Amino acid sequence: MNSITSAFERYGGINLLPVLLALIAFLLIGSPSTWVTLTVAGLAMGMMIFLMASGLSLVFGLMDVLNFGHSAFISFGAFIAASVLAALTAWVAADSVILNLLALLLAIAAAALFGLIAGWAFEKVIIKPVYRDHLRQILITMGALIVAEQIILAIWGGSPISVPRPHFLSGSLIIGDVSIELYRLFAFVLGLIAYVSLYVILNRTRVGLLVRAGVENREMVEALGFRIDRLFVGVFVLGSALAAIGGAMWAGYETLITAAIGSEMMIIVFIVIIIGGLGSIEGSLLGAIMVGLMGNYVAFLAPKMALASNMILMMAILLWRPYGLRPAVK
Amino acid sequence: MSDIAIDTNANAARGRTGRLVVYAIIGAIGICLFLAPFLFPDVRSQEVAARICIFIVLVASYDLLIGYTGIVSFAHTMFFGLGAYGTAIALKLMGPGWDAILLGGALGLVVSLILAALVGLLSLRVKAIFFAMVTLAAASVMAVMASQFSDFTGGEDGIIYKVPKLFSPATKLLTDEDGKVLRIFGAKANGKMAAYYFVFFGSLILYFIMLRIVASPLGTVLEAIRENEMRAEALGYRVVLYRTAIFCIAALIAAGAGILRAVWLKYTGPETSLSFAIMIDILLMVVIGGMGTMTGAIIGATLMSLAQFYLKDLMQLASEATAGIPLLPELLAPDRWLLWLGVLFILLVYFFPAGIVGTLSRKGGHP
């Protein structure tokens, strides 16, 4: 038993879990081409979920603030991107990659900008008065979530809104008998860029050093004369913008969105950060990829169990490691 | 020194009158609910009264968690729904009979207990915030499962079924000399009245059980855990076990309320017993009434239920009155009433975290 554990640790430890998951799924699915399609879909979904989850996890790690209203940014991001894309229909449908890309980037930028501004306002108005009071934090951010969802319903209405997908991303890549949707590749690449830049900021810059130190021990960093609360506002705003971008990408992925998108994604985001452990982006990435893969495999093998399977995964991991796979805070 | 003494005296006096006011309100609500079939014989008021009874129990059991012990759970509707669905499915499959209610209800209670113990032992060990997330995830998974296994649960449409003959409106409890249903103060003594009193006394018993729990040594330990977890642990109380125990008790009581709801409505669906909207209602009721007070549950549930039934009419009027102004009619539309409740909720948590009862009697809740 011990030799198995040490071998497991030597070859990457918990980082192997997604690979293990993919291998088990390969045996169960049988057909390699289906497996590749599902794996790519799972990875793309995981990356989009990572965008949504990373901010929440960092905010919690840094300031012990859990924002139940986080998913409001996801849904607002999705709806704003949908509106921008709908307004630029001519560009979206055009046969030129540049115009397509421009429309898509504009949509994502609009979502991100909203995330920045709304995140800042949200922090000032909603979160600031209830620092260090978990009970009221949960209640107030929950209230904010209700209000946000209702505002979306008031502005965009209750019926589903279709999101036009840019022309150059609407096809699929076909290699042999494997077909991969281009949009998924794009989502994967975007998520990877976000992860790498977050990783570089956190591990190679002075600000990142302070954030990591703050997650580890806030009082100590404050005693050394740094203003953790200002840093916190920055992280909060950045996290909100990332969530809005994630929402925008998700809107394009689903192509049909309703006001319930926020609360649906919220559950998945929670499962991800519980699996990954609070406060670390590595944990969030690991959790997001596992949840994405699990969701896609199970949706193929036993469609009705898709959401429940993630719940079971979470329970299993909590049994094994009560604080998640890679917690930065305990 | 003497100033402080006078001040505390004045405060105590104000608290005393406040408590008297609270008890007077509770008494009035209690009498109204007890005599509801006679005071408000129309169908809609009956619905409101039964809803208030059931929600008082549901909210009070939630308050055991959030107000007395300081744990935030979002899975309360899950247990409520388990009780309701257990009864509903049994009534559907076994036909209308008391055995179905007993068996289905018992099944719902047992499943609730097992799930509560499982969730509690798994996640009450770690931070409170973890627990909130885990319960939220568990509840939504349960809701999705209920809508997906539709051969069993009726999916989004829910289940319609018959209840024992005693509760059907055609049953005559008392007859006058002509053989017609006896009228007492204009209210027909029919099966509907029997059903209402089943709900009323069922709720009353559950409520008294909770009052007993709160007054018992267990209740004191729970409050100690809320105030200072470390100290309670240091005094030798196994915090995790106490938390899990109260979580299980609250789950059982919520499932009991679910059984009452299923019997009263003769219909069980996601909207009436499992949806997240109900969880939000419960949260609002607890906060409005006052966390950490059993009386708060009564006031909160009554106020919110009345508001839900009658606020929509008011908003309809406001929406029509502002028809010319952009966006405002949209925001005032009756469907958007949750928006205003949400705003109210945030303001309440900011400015009156102790709720109505807590503010009036100056005790309970968090400082």
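Backbone N, Cα and C atoms are what each Cβ position is placed from, and that goes for glycine too.
These numbers come from a predicted model, not from an experiment.
Feature annotation from TrEMBL assigns transmembrane segment to B:20-40 (among others).
TrEMBL lists B:52-71 (among others) with the feature transmembrane segment.
Annotated transmembrane segment per TrEMBL: B:101-122 (among others), in sequence order. Same-chain neighbours of the transmembrane segment (B:101-122): 75, 78-79, 82-91, 94, 134-135, 138, 163-164, 240, 243-244, 247-248, 250-252, 254-256, 258-259, 263, counting only residues six or more beyond its ends whose CB sits under 8 Å from a CB of the stretch.
Taken from TrEMBL, the feature transmembrane segment covers B:128-146 (among others). Same-chain neighbours of the transmembrane segment (B:128-146): 70-78, 81-82, 85, 115, 119, 122, 153, 155, 270, 274-276, 279, counting only residues six or more beyond its ends whose CB sits under 8 Å from a CB of the stretch.
As annotated by TrEMBL, transmembrane segment applies to B:194-215 (among others). Remote same-chain residues near the transmembrane segment (B:194-215) are listed as 33-34, 36-37, 46, 49-50, 53-54, 56-57, 60-61, 64, 68, 163, 166-167, 171, 173, 249, 253, 256-257, 259-260, 263-264, 294 (criterion: CB distance under 8 Å, separation of at least six residues from the stretch ends).
Sequence-distant contacts of the transmembrane segment (B:240-264) (same chain, at least 6 residues past either end, Cβ-Cβ under 8 Å): 50, 53-55, 57-58, 60-62, 64-65, 68-69, 71, 73, 75-76, 79-88, 91, 101, 104-105, 108-109, 112-113, 115-117, 119-121, 124-125, 163, 167, 195-196, 198-199, 202-203, 206, 209-210, 213, 218, 221-222, 225, 232, 272-273. TrEMBL lists B:240-264 (among others) with the feature transmembrane segment.
Taken from TrEMBL, the feature transmembrane segment covers B:276-307 (among others).
The transmembrane segment feature in TrEMBL is assigned to B:337-360 (among others). Within the chain, the transmembrane segment (B:337-360) has long-range Cβ neighbours (under 8 A, six or more residues past its boundaries) at 18-19, 21-22, 277, 280, 283-284, 286-293, 295-296, 299-300, 303, 307-308, 311-312, 315, 331, 366.
Counting residues 6+ beyond its ends, the transmembrane segment (B:52-71) has Cβ neighbours under 8 Å at 29, 33, 80, 124, 128, 131, 199-200, 203, 206-207, 210, 213-214, 219, 222-223, 225-226, 242-243, 246-247, 249-250, 253-254, 256-257, 260-261, 264, 281-283, 285-286, 289-294, 296-298, 300-302, 304-306, 364-365 in the same chain.
Here the transmembrane segment (B:276-307) has Cβ contacts under 8 Å with residues 22-23, 25-26, 29-30, 48, 51-52, 55-56, 58-60, 62-63, 66-68, 74, 76-77, 80, 139-140, 143, 207, 210-211, 214, 223, 226, 338, 341, 344-345, 348-349, 353-359, 361, 363-366 of the same chain, all six or more residues outside its ends.
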